[in-house]
Amino acid sequence: MSFPTEDLVPKKETNVWSFLQQNPQYDGRNVRIGILDTGIDPGASGLFYMADNVTPKLVDMVDCTGSGDVDVSYTSTAVWVEDHWEVTGLSGRTLQLSGDWTFVAFPNGKKTNKKKKNEDDLDIKSAEKDETTTKTAPVRLGIKRAYELFPERLTTRIKEDRKRIFQKHLDKYIAQVRGELTTCKTKTPEQTKIRDDLQLQLDVLTSTDWISDPGPLWDCVVFYDGVDYRVVIDGEETGDLKQFKPMTSFAKERQFGTFSVVDQFNYGVNFYNDGSILSIVTDASPHGTHVAGIAAAAEGERSGVAPGAELVSLKIGDSRLGSMETGTSLTRAMIEAVRLKCDIVNLSYGEGCKIPNSGRFVELAEDLVWKHNIVFIAAAGNNGPALTTLGAPGGTTSAIIGVSAYVSPEMMKASYGFVSPRDESHIGTTYTWSSAGPTADGDFGNNITAPGGAITSVSNWCLQKSQLMNGTSMASPHATGCAALLISACKAENIPVTPERIKRAFENTASQLPHLSVVQQGCGIIQVDKALEYLREHKSDATQDVFYAVTVNNNGRGIYLRQMAHSLARQSFSVEIDPRFEREDRVSKDVQQRKLGFEMEFKLEASQPWVTAPDYLMLMNNGRSFNVVVDPTNLDPGLHTAMVLGYAKRSEKIEPMFRLPITVTKPHPVERRIELGVLSFEPAEIKRFFVVPPRGATWMDITLRDHREDSDVSSRLFVLHAVQLLPHFAWRDHEKHVSLALLPNQTNVTSIAVEDGVTCEICVARYWSTIGDTQIDVSIQFRGVRPVPDCVNIRAGTHGSLLRLHNDLQDEAVNPNASLNKWMTPIRPKTESMASPLGVRDTLPSCERQIYELVLDYEFEQEEKGSFTARAYPLQDVLYESAFESQMMLFFDADKMYLGASDAYPREITASKGTVLLRIQIRHDDPVKLSALKEMVVWIERKIEKEISLSVFPTKEASVKGCGSFKKTTVRTGSSVAVYIAEPPQTKLPSGCKAGDILSGIVTFGGESSSAAGSGKRPGGYAISYFVGPKSKKPSNESDVPEPKDERTPEEKMAEAIRDLKVAHLGKAIKQDEDEEIFTRMFASIQQEYPDHLPLYVAKLRYTDGNKRRAERLAGVVGACDEIISRIAEHELALHFGCKIDTDDPKAVKEREDMKEKKSFLIEALVRKTLAYADMETKDAGEKFDATLQHLKLWADVESSDKYATLFLVRETRASRYGSVLKTINKLLTKDAKDDAIRPLSKGELFTRRSDAFEKLGFTLLKEYDRSNRVVAAPKSYMLF
């Protein structure tokens, strides 16, 4: 028996197999498919070339996310060394470039089409090598961290490999130090110091908590060859790039490379913004490659559906977000699809949405389809089996063909190794998880069904050729491949091609699966051969190009009766049919004539007797409306669907031109307890029940008991899915989805929060692959106490909040429990921002509309290392339905180190103690709309490490007194009880909490014991918030010291105030980097007035030591220090601090404060003088360093204070005590040290010093790690959006 290879990428279910055998020339040739996904690996099997291994298949690959963008605006110069070029990369590595490459001066923002050879150009290849002149070549440099691009699985594999290599080297270094320790003697003090330092080295090496793996860092070298920008990337991190072939934008030469042998991560490149941005194009997961394989892989029997089609990879899965799509990437992908002349685009992505068929994305998608004539096919979602769980945009957008996922018996055997029992027949079905319609506004959502699983190509970095994946993500590219076959045939046979023709051909020829509802399968499973016949038959019918928009009561796209009241009476609905022609940027005579002459005679037909519609409709261009009557009063509880079909009178065949979907979900009568009884399930069967929680119900307990005998010991997999739909909420906001593997006689109780009075679907499904007879007993019990109000808000100073618990259902035990677990702080932008236009890749093709960006910068302090979530409420929790094109948040520390990213759905970010900078980019083509957000408040949400429990009292009086807490009680049916939740004590608030902050948490009211079935309380509880007020003043621990009497005259006070103001203004020049001549002139003027005023000389020292030209003026720094030191009588200072003072004497206290200031000035001068000597290269600098350091030790504890860590490091480095150096640097890097150094070292400087120490010790790998860590920790600029 031969292996069913042809079923690994299923084609028989949609008649693709027979279609290609009969029409081999219609295999997708002359059709271009855009794959909007995680990116396609160009090295994956069957995706780079057509079947002949010559003709290109993958014609372009574009990273639409920006996650691969590299800033290559840093100009540098490569120098000629023997037979090649060399340049120092941003990583610090020396990079060797081939002498055969051509380097030409970069164009000045203008495109150069051909190479010009004149005196202004630098053509290195053609230049003669001058023996007396160093040849140089212009280059641009960039750097990219691999972990910012690697998919998560690849990152894990590479980290494990690097960890193994690192440990091998670390063990060698440890053995080396242990050996030196063994032979080290301690007879002299110097030998003891050496041994102590060796021990410190060993301590550092064996304590690996300081080790941070930076991952591979790829140096990028960009140059211009006179025609194209080109780049070489050091993927192997060797620095030797001579053998690399420089790459240009992928579409020009179809080049791709592999970063390293270990990662097998393939990439292409593109250039933007006149070559200043390099885009490294990779995939963010194997998903996109798999999708492309299904649609169009050319691989013999395992080929995709349309093996002759071309592919364009449009990466929308952002690597920074774990392959999540963004508004930016989706918009750019649609721009690229138009630019690259795609015939079809496939989107195997989707999210739940609050408002279907609405938002900025939908506007752009409609332009793509109805203006640019591109067929748009997308996955309907994997969120079933409950109704109205369609994903946006595939299942919610009229312009897009939404596809649900089907599994056939042949697929079950070939891909899943499925064995069906003899006494049980498994037929083809939609997968249990395939999302079901209708949409919230009544459209069926699922247009068609296609096979939703395959074993086909995946990315090379997975280290396997193919993989099984399933989902509507796989069904969508199958439908895309079918569309490619049809378009290929249409182009060959001169049949007009429009998105509406393809969609109508699919829908009107699909095969209905009789055992499935229309909400699961749409019009049915695609039949590609019949679809082509349909297109042939209607070749000359221009009305096939018209989209008929259906609108019900001015806002819906169908009739959806879901609530109890909707099914109790006969209702009439106004239905408008609006014909829509192709959109145009400019009005054309042809389209105007078509509109003018458009008249259609329709026969209307209702598919169910409980629906009444007119018999006929005469339709003109401006649309017509008619009434439809729906009478659900006699329907049984459950799901009921119907349609009103509009048939064109001129059509000989019964093929509808439009459909009005009608869905009725009739609930069971309202009861406190509902017994659904013992239910028997056929294979893959889904049973739906609709119930209305009675008033006062806040949760329900659903009990499922397996009804089989004990002799059957195998488990049965069931899915329990409950969904309530509320206005402006996505289905995911009020759903419960659980998978239950039930054993014989096993009982499971699931508690689910509910909103009373709102219909809830309870969906119980036998999982599609579950084998064996199955019966379960299902019952529903509604429970709960109702809090009034249902959201608890406590304001500071009110002592708490009163609420009432009312019981409508049954006696319930009540034992309130309230706690606060989150802390939210509002922040505003640091500076005002203006909307600015973006580049060419962000220009919409319709009328060449320019997209603008608004970048907002925020800053806040992270008190301790931990995580937080930034919430921009006007923008987040919406994606496809968002009014704005996109928003992206990037997080950095004070040194510009990238911390993480967040987008439409907020993500938790981890940061160390210190300053965090948040940058938000918001995009839209209307700058006025962006300007309205320039003062947008962002909330920083943190978890409270130890949640704050709130006291609960029966009365306000008890709360004020702080006694008599609430005791567990039983609330009788129909009665209420008062509850008073107290505000938290100030001592329990987070230390950084301030007025205006909000603490939030959960309050629950259930009181059942843990032994009872179900949770005994509403899952998730109710929200509670505390609005923080002003902090109370802390009492002083010190006794009040009377201020000494100010005996100065008013004139003296004014004179000193003027003096201090002048010195303070002079100090500002340090920060403002004023012209040195101005500073010198100002200083001299003030010095003439106040020659003995010490703070004046301190200001001069700080200016001199902080000047950008400090390295040239170290002698001036020493001189400024000596000026201060000479003005301080050190012996008087020593005498003063040698005795105690009378703290009750105001004059003595004032004198002590003055002496403390002098001492601080003296120490600062000595520190800066010592550091100046450390940086000098004169012969006596070392001796002077030692002498000044000894002088400083008289006044400061240099050895143990972190304030002088820089001096300590210099001294220990000079003494070659590198163990001590490493220990100190590690402490500083972990932020354990106080940040009060006079001249603190940045993270970049600390990594450089540690790298130097490792190099001196011969720890080469550690040196390389720190060289990379320096680049990661202190980059030259912020990551690009």
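Every residue, even glycine, has its Cβ placed from backbone N, Cα and C.
Remember, TrEMBL labels are computer predictions, not curated facts.
Per TrEMBL, the features are as follows:
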- 28-513: domain 'Peptidase S8/S53' (DOMAIN)
- D37: active site, charge relay system (ACT_SITE)
- H287: active site, charge relay system (ACT_SITE)
- S473: active site, charge relay system (ACT_SITE)
- 548-664: domain 'Tripeptidyl-peptidase II first Ig-like' (DOMAIN)
- 681-772: domain 'Tripeptidyl-peptidase II galactose-binding' (DOMAIN)
- 808-994: domain 'Tripeptidyl peptidase II second Ig-like' (DOMAIN)
- 1028-1052: region 'Disordered' (REGION)
- 1042-1052: compositional bias 'Basic and acidic residues' (COMPBIAS)
- 1044-1110: domain 'Tripeptidyl peptidase II C-terminal' (DOMAIN)
So of H287, S473, which of the active-site residues has the fewest other Cβ atoms within 10 Å around its own Cβ?
-> H287
Quick one: find which recorded stretch in 548-664, 681-772, 808-994, 1044-1110 has the most Cβ pairs under 8 Å with the domain 'Peptidase S8/S53' (28-513).
-> 808-994
Set of same-chain residues at least 6 away whose C-beta sits under 8 angstroms from D37 (active site, charge relay system) = H287, G288, V291, A292, S313, L314, K315, I316, G317, N346, L347, S348, Y349
Between the domain 'Tripeptidyl peptidase II second Ig-like' (808-994) and the stretches 548-664, 681-772, 1044-1110, work out which stretch tops the count of Cβ pairs under 8 Å.
-> 681-772
The predicted model's mean pLDDT over the domain 'Tripeptidyl peptidase II second Ig-like' (808-994) is 94
Number of helical, extended and coil residues in the domain 'Tripeptidyl-peptidase II galactose-binding' (681-772), per DSSP = 4 helix, 46 strand, 42 coil
